[in-house]
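Look at TrEMBL and you will find A:21-41, A:47-71 tagged as transmembrane segment. Under the heading domain 'YdbS-like PH', TrEMBL lists A:78-153.
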Amino acid sequence: MHTEVKEPQHKLSKESLRVGLIGDVIFDVVVLLIFAVLFGLDFIFEWPAWIGIVLIILLIISVPLLIIGYLGTVIDHRNWRYDIDDEYVQLRQGAWFQKDQLIPVTKIQSVETKQGPLLRRYKLREVEIETMAGEYSIPGLPEKEAYALRDQIAAYAKAKEEDD
Amino acid sequence: MEKRRYHPANMLFAIVKTIRGWIIPLIIVFFFNNTDGWGSYAKYGILGIILLSIIGSILKWFTDQYTADERAFHLYSGIFSKSSRTVPYEKIQNVTKHTNILHRLLRLTAIKFETGSKEKAVDFQVLTKEEASRLEQLTKEDVQEQAAVQDTEIKGDELEDADAVSEQTVPPAETKNIHFKPTKKELIRASFTSLSFLLVPPLLISFLLKFDIFFDWSELRQYLPLLKVWWITAIGLIGIILVSLLVGMWRVVQKYGNYELKSDDTYIYIQTGLLSESAFSIRKDRVQGIEITQPILHRLLGLAKVKLISTGSLDISEETETINSLYPYFSLKQAQTMIAEILPEYEVQHSMERLEQKVLLYRLLQPSTIWLGVTITLYFWRPEVLGFEIKWWIVSIVLLILIEGYRYLDFKHTSYLISDKFFQIKTGALTTTLFVTKRNKMIEIARNQNPLQRWLKLATIESINRAKPVLHNKLKDLPASEADRFYVWYRQRTNDVRKQ
């Protein structure tokens with residue numbers, strides 16, 4: 001009974017890290033823009049002094065958070081693993097807070113691939129698996145790989161258990 | 001197959017339901033509103049809504065139809081846009097019947113076939129008892145035929161539910177046996193342990209406080225000296241106690257007076273209710289798990305509540321609570337023998353594994369956000385209650401002791417078992433919950449580890465089961481090696497599931 005736990009092997013592609021980082025940059029730009037607008041309004045309408053102070057404190061707090069955000073993206077990307085065989089889908093996420101999920105393919109109800117504008121730019125696709133318990137996604141796979149994975153899962157998931 | 005209309009009384013029930021739903025607004029606009037502008041509009045508005053929904057339910061009766069053949073329900077509905085839905089019987093998870101007082105007067109009943117976590121149930125709100133049992137029988141026959149077919153196919157197979165299947169040759173109606181029917185004595189004991197008689201005094205007080213529009217408190221004052229006569233007070237007290245006991249007993253008798261727990265080879269049947277009856281039936285292999293809960297009082301009295309986890313939701317109608325729980329006043333031992341009787345495939349083991357001692361220390365040393373929040377707030381805020389300033393550090397210490405005590409209890413109660421085919425976890429500080437499921441009934445698992453757990457070689461595992469809503473059960477801080485074993489163990493579930 002005591003066989004070693006097989007760890008999932010497949011990693012995410014390098015391009016998807018780039019997409020993740022670009023996403024972070026866009027998010028940061030939006031946050032900074034909001035700050036800029038608030039500071040502008042503060043300046044024009046001469047809001048009470050404490051609002052300005054609060055804004056500056058928030059900005060000081062958010063800058064390191066934004067930098068940590070990049071780090072988080074890189075770490076998450078590095079530690080993302082998935083594996084699929086004819087019986088199970090296995091997912092692993094996180095470095096510090098690690099989460100492993102083991103999903104029997106028989107419990108999969110649908111598979112789809114998705115693509116946003118950023119993913120399209122880098123010819124990536126996200127594979128989304130829906131099960132009885134919820135939805136899981138494997139983000140940022142190269143298009144070909146994503147389609148292959150989708151077809152593979154769909155083929156495996158044809159098997160149904162008697163209970164379902 | 002001929003399409004059938006639903007029972008005409010459906011219209012009557014829909015009308016009654018509409019009127020009952022709008023009765024309060026109706027009373028308000030008719031009796032508490034004088035004819036000043038808005039009131040009269042509201043009156044017509046509400047009457048219009050009621051009229052429309054009555055017309056709607058009549059039209060619905062004319063358009064909605066159903067058939068039931070050997071394999072599936074076919075439901076046709078829609079006044080303007082027609083839709084049809086086919087529900088195969090094999091999708092049915094459990095069946096609930098409900099007969100409320102109106103049903104009883106008209107010798108009718110309601111039946112609901114639950115189909116799964118996401119789909120809608122097949123719901124017949126009003127139909128004759130004969131039709132209900134015909135439909136129920138249809139759905140069951142289909143399953144039995146299938147089982148019989150499989151029986152010949154899988155001979156010699158060592159699957160765990162093969163024995164349940166192979167006994168199919170005996171017609172189930174003959175082998176239905178009653179496992180439990182409470183006697184009068186047991187009902188009386190239940191009404192004491194349910195403690196529902198304790199509800200009466202507070203209800204009485206709130207009743208008095210609310211209905212003082214009917215009398216004047218100052219008029220009552222002249223009767224107060226009567227309380228000084230000891231026998232009047234005594235009679236009054238005894239009267240209140242008697243009423244409380246009677247009410248408590250009535251509540252229990254109303255619910256469990258007619259209680260019956262039956263089973264045959266394939267199904268479990270539960271029946272409750274005295275005035276409005278409810279019945280529940282589930283195929284044994286559709287039971288997703290068992291939950292044995294013991295609130296603190298139950299534990300003191302050695303009682304246990306047993307719940308069968310099913311995929312379909314279990315509320316039969318708005319008026320009744322779930323009846324998937326077996327009789328809730330079983331002693332723990334009785335409950336366990338009952339489980340062994342009705343679900344022989346399930347084994348509830350007594351000896352379970354405990355968490356390591358270091359987990360207790362790890363949990364006790366974790367900072368509590370509630371404690372920190374309260375302490376910091378009180379340190380700065382220092383409120384006064386009844387003129388006394390509350391010493392912040394006293395509250396803080398008491399709270400800390402309570403929290404740590406709670407954690408200790410939780411640790412003490414937490415245990416688990418990963419046996420051959422079963423997964424058992426027990427958790428809870430005040431109310432303990434023992435959850436037992438089979439490996440093939442778990443639809444997913446997860447394992448989590450945070451940095452501290454990694455350092456201490458611990459992990460958290462989670463089992464996910466079908467239910468409505470999906471049931472997540474977490475077991476925190478078991479040894480990481482055990483979590484790995486759980487993972488490997490779950491990977492071998494393919495050994496005990498049968499593929500289609």
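Note that Cβ sites are derived from N, Cα and C of the backbone, with glycine treated the same way.
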Using a Cβ cut-off of under 8 Å, list the residues of the same chain at least 6 residues beyond the transmembrane segment (A:21-41) that approach it.
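Residues packing against the transmembrane segment (A:21-41) from afar: 47, 52, 55, 58-59, 62, 66, 69-70, 73-74, 118.
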Quick one: DSSP breakdown of the domain 'YdbS-like PH' (A:78-153) into helix, strand and coil?
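Across the domain 'YdbS-like PH' (A:78-153), the residues distribute as 21 helix, 40 strand, 15 coil.
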Summarise the model confidence on the domain 'YdbS-like PH' (A:78-153) as a single mean pLDDT, whole number.
89
